[in-house]
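According to Swiss-Prot, the features are:
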type    : residues       : note
DOMAIN  : 124-330        : domain 'ATP-grasp'
BINDING : 154-209        : ATP binding site
BINDING : ASP284, GLU297 : Mg(2+) 1 binding site
BINDING : GLU297, ASN299 : Mg(2+) 2 binding site
Amino acid sequence: MSRINLLLLCGGGSAEHDISLMSANYFESSLAKSDQFSVLRVELDKLGQYRTAAGDDCELTNNREIRFRDETKAPWPVDYVIPCIHGYPGETGDIQSYFNLIQLPYFGCESEASSNCFNKITAKMWFSALGIPNTPYIFLHQYDDEAISQAQTALANWGSIFIKAASQGSSVGCYKVDDSSKVAQVLKDAFGYAPYVVVEKTIKARELEVAVYEYNGEIVATLPGEIICDTNTFYTFDEKYAKSSKARTDVVAKDVSVELSEQIRAYAIKAFKGMKLRHLSRIDFFLTAENEILLNEINTFPGSTPISMFPKMLQNHGHDFTEYLSLVINSQLSAKD
């Protein structure tokens, strides 16, 4: 049986570029455990240049092959691609549109689902339309006096707010604000990351995460895990990835009743189905002291770094990551044939 030529594409043009490389390491080591795949790792740098791990400049062509700048190297035909890219152009849905155009099968959510989840405003509209509770919010489309006034009113009404760039991941462009004198500058900073900004009510709650993925034709939702941060912080980019981070994770959250856990999992599956997600996702919730469940966000290509929750929760659920990848890829390629 011939091997599947699998392109592991990583990097991208966002602030999460280096995190994507870390996740790609996990995918690469997992794929290496199977003899089904011939893997070519290619990094997409921040300027849009493709480069192999060996340092060869190359490009992905419309003929579904990697063509090298060094013309003495034969083109490498691509059967399948894993776009291990956090942020732009992976989770935004942009690169999936290109794969669709050239009819190249790929791992993960499709273009529209990726785009809808990455934009926090669009995502919250979908959550509400699906009847899934989420945090109170307003959204702003430009930085001006009216936007500042609206954000200050939200702060006065809610006591504390988060101002977030609508189209960023890993808490990039995300700020907690308790002082009205800081609203204008923070709002300006957030608009520096995205053309739209969402202002959310600060929720004092536990942060729970569910891995939701497809396995043997079934949609699986794991037991909720938990992110536990220092009481004076929220889960910032640095808290997620810095070596000095004080945050810790529990693969299975403690002291969550069976009833609450099942309701969270039901909401997660409802969101996965309703938003037409595919293959994998990490769906994040708040659980308040009053046991109110609020959907926070959906990550359509969750991190797979040494500290990431998705692979840990999948494995804790009894599934092997290499076998999971093989099942998804083979099922997809068989359906294509």
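Even glycines carry a Cβ here, placed using N, Cα and C.
Ranking the binding-site residues ASP284, GLU297, ASN299 by Cα distance from ALA154 (ATP binding site) puts GLU297 first. TYR175 (ATP binding site) sits 16 Å from GLU297 (Mg(2+) 1 binding site), taking the Cα positions as reference. When the binding-site residues ILE161, GLN168, LYS182, ASP189, TYR196, ASN299 are screened for a Cα within 10 A of the Cα of ASP284 (Mg(2+) 1 binding site), the ones that qualify are ASN299.
Neighbour counts were taken as the number of other C-beta atoms within 10 angstroms of each residue's C-beta; across the binding-site residues ASP189, ASP284, GLU297, the minimum falls on ASP189. DSSP assigns TYR175 (ATP binding site) to a strand in the three-state reduction. For ASN299 (Mg(2+) 2 binding site), the same-chain residues 6+ apart in sequence whose C-beta sits under 8 angstroms from its C-beta are GLU91, CYS117, GLY169, SER281, ARG282, ILE283, ASP284. Take the binding-site residues ALA154, ILE161, GLN168, TYR175: by the count of other Cβ atoms within 10 Å of each Cβ, the lowest one is TYR175. Residues within less than 8 Å, Cβ to Cβ, of LYS182 (ATP binding site) and separated from it by at least 6 positions along the same chain comprise none.
TYR196 (ATP binding site) sits 16 Å from GLU297 (Mg(2+) 1 binding site), taking the C-alpha atoms as the reference points. Calculated from their C-alpha atoms, the gap between ASP189 (ATP binding site) and GLU297 (Mg(2+) 1 binding site) amounts to 21 Å.
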